[in-house]
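Trainee: The annotation domain 'STAS' is assigned in TrEMBL to 162-273. The region 'Disordered' annotation in TrEMBL covers 282-309.
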């Protein structure tokens, strides 16, 4: 266990608490990284006062400089984590967030120099400097962690929005895909499609890749995995949106999709699906040239070939 450090820091913090707060506020407000559009002076003063109070109570009986592990630093860590999370969502940059701690160095340095002789000041100021550096780095780490959590949450939300499964007709689903298809997105696509197959009892699913910019070996493997999973659920898949450039690329890469029905467009795939299910659209109620996604005809509008209303 690391030995506790004893220094004049607690005494300086207690004796000059008001002056330290005022000087620190001036440092923060005059810093080039200060964002007055994101935090007002009253809120900043409240945060600064709370940090000084927590810091003073933590170091009053000696302290360990390992701010990550030492138990007495838990309240300070929690406070800095909260500050970092708030600022990451408010639009602060990492350097602007870290300035909250690093700007406290100059006021503390000035007060300690007035209190101590040169030799004692050298040791005490070094200890305080190391401590504030570690607290500043911890603040940076928490800010980056909070920002990554925001990005991850937004990515998950975008994945859900970018993989809609719509009903084109009774028994026919469509999955229009836009953007790059990677392993993470493939998993979301597969889960979403399988869930919709179970819910609707559909027999055919059309995977439209018109919006996928590039199809390589990895993308093809992801598509085949999705097709295989759908088959296990009792549904056949049709891949549509095979543009000429993509077709040439797939031939060049020797990608084998012979086990899957492919069509040039979603409309072609839809017509093929209707024929596979031995169904046709009543011409008097047929939708336009491009079927509207999600606007499924009710079962009563499905007509068997060779029959009349």
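A Cβ is built for glycine as well, from the same backbone N, Cα and C atoms used for every other residue.
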Trainee: On the 0 to 100 pLDDT scale, where does the domain 'STAS' (162-273) sit on average?
Mentor: 88
Trainee: Across the domain 'STAS' (162-273), what are the DSSP residue counts per state (helix, strand, coil)?
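Mentor: Final tally across the stretch: 51 helix, 27 strand, 34 coil.
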